[in-house]
Amino acid sequence: MGYLFAVTLLWAFSFSLIGVYLAGQVDAWFSVLIRVALATLLFLPFLKRTPPPLACKLMLIGAVQLGIMYSFYYHSFLFLSVPEVLLFTVMTPLYITLLNDAFNKQFNPQFFIVAFIAVLGAITIRYENLDSNFLVGLLLVQGANISFATGQVTYKRLMLDKQLDDKTVFGWFFIGALIIASSCYVLFGDSNKLPSTSTQWGILIYLGIVASGIGYFMWNKGATIVNVGALAVMNNLLIPAGIVVNVLIWNRDADLLRLSIGAGVILFALVVNQIMTKRAN
């Protein structure tokens, strides 16, 4: 659980950094490419000989969880504010539980209940007066949510019972994402909208090495340790964390009472998951 909490704090800054400094100013496809390329370079030195089937599966997971997810995610900031993007990630826990149940060919009420409570908590932190672009933004975020959920569930299942040091194979994850990011930039990128300030370059470097490289490694490592219910809840803890950072640093308006209540409900879901897991065992 410690891995997931640490990355939640790390990623809480990413939403605002993208929304404030990159969205609409730097080509989204280029941002994705640089971010994934730097993360790939970070893990290449640790890469060891890997059985081809495992390497291919890791590349596919990375292509979906990172490559495709970022393609949706970065473009959503062109239609939504930072708090709205955060809010619309509320469905990720349900996607995680539904995907896990689909793989198991069964319905697990514990994980669904916990995820549902977490969703209620995130909905408590809601924003009004959405503009006409909200539907497009909503669909883009849902595409990102489904991609992110798919990657988490499949990575957790793939690495189950494997006696491997994750960092020695995680480079394949980023290589898969890099293939998608490179292809998208070649096809759709705008070379006229490259970073023009040292701040933008600095943010891209931070997002690539720290938020993506270290962040995704720790997040997926954490996903292999906790159960699906806890993983689902931790996905929604990003919402209040991201909004708190956005409000405190970038002075966006937010209903602090709703934020506190919503965060409390999400933490309650985590407690419920722990209690139900202990009883089941």
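Even glycines carry a Cβ here, placed using N, Cα and C.
Because TrEMBL annotations are produced automatically, they should be read as predictions rather than curated entries.
Residues annotated as domain 'EamA' in TrEMBL: 3-125 (among others).
Secondary structure of the domain 'EamA' (136-272), assigned with DSSP and counted as helix (H, G, I), strand (E, B) and coil, comes to 113 helix, 0 strand, 24 coil. Summarising the annotation, TrEMBL assigns domain 'EamA' to 136-272 (among others).
The transmembrane segment annotation in TrEMBL covers 29-47 (among others). If you look at the transmembrane segment (29-47), the same-chain residues 6 or more away from its ends with a CB under 8 A from one of its CBs are 18, 22, 66-67, 70-71, 74, 167-175, 177-178, 181-182, 184-185, 188-191, 193-195, 204-205, 207-209, 211-214, 216-217.
The transmembrane segment feature in TrEMBL is assigned to 54-73 (among others). Under 8 Å from some Cβ of the transmembrane segment (54-73) lie the Cβ atoms of residues 29, 32, 35-36, 39, 85, 140-141, 143-144, 147-148, 150-152, 154-155, 158, 169-170, 172-181, 184, 212, 216, all in the same chain and six or more residues away from its ends.
The transmembrane segment annotation in TrEMBL covers 79-99 (among others). Within its own chain, the transmembrane segment (79-99) is flanked in space by residues 15-16, 18-20, 73, 108, 111-112, 114-116, 118-119, 122-123, 125-127, 130, 133-134, 136-138, 140-142, 144-146, 148-150, 152-153, 228-229, 231-233, 235-236, 238-239, 242-243, 246, 250, 252, 254, which lie at least six positions past its ends and keep a Cβ under 8 Å from the stretch.
Annotation comment: TrEMBL describes 111-128 (among others) as transmembrane segment.
The transmembrane segment annotation in TrEMBL covers 167-188 (among others).
According to TrEMBL, the feature transmembrane segment maps to 200-219 (among others).
According to TrEMBL, the transmembrane segment annotation covers 226-250 (among others).
Sequence-distant contacts of the transmembrane segment (256-276) (same chain, six or more residues past either end, CB-CB distance under 8 Å): 110-111, 113-115, 117-118, 120-126, 227, 229-230, 233-234, 236-237, 239-240, 243-244, 247. According to TrEMBL, the transmembrane segment annotation covers 256-276 (among others).
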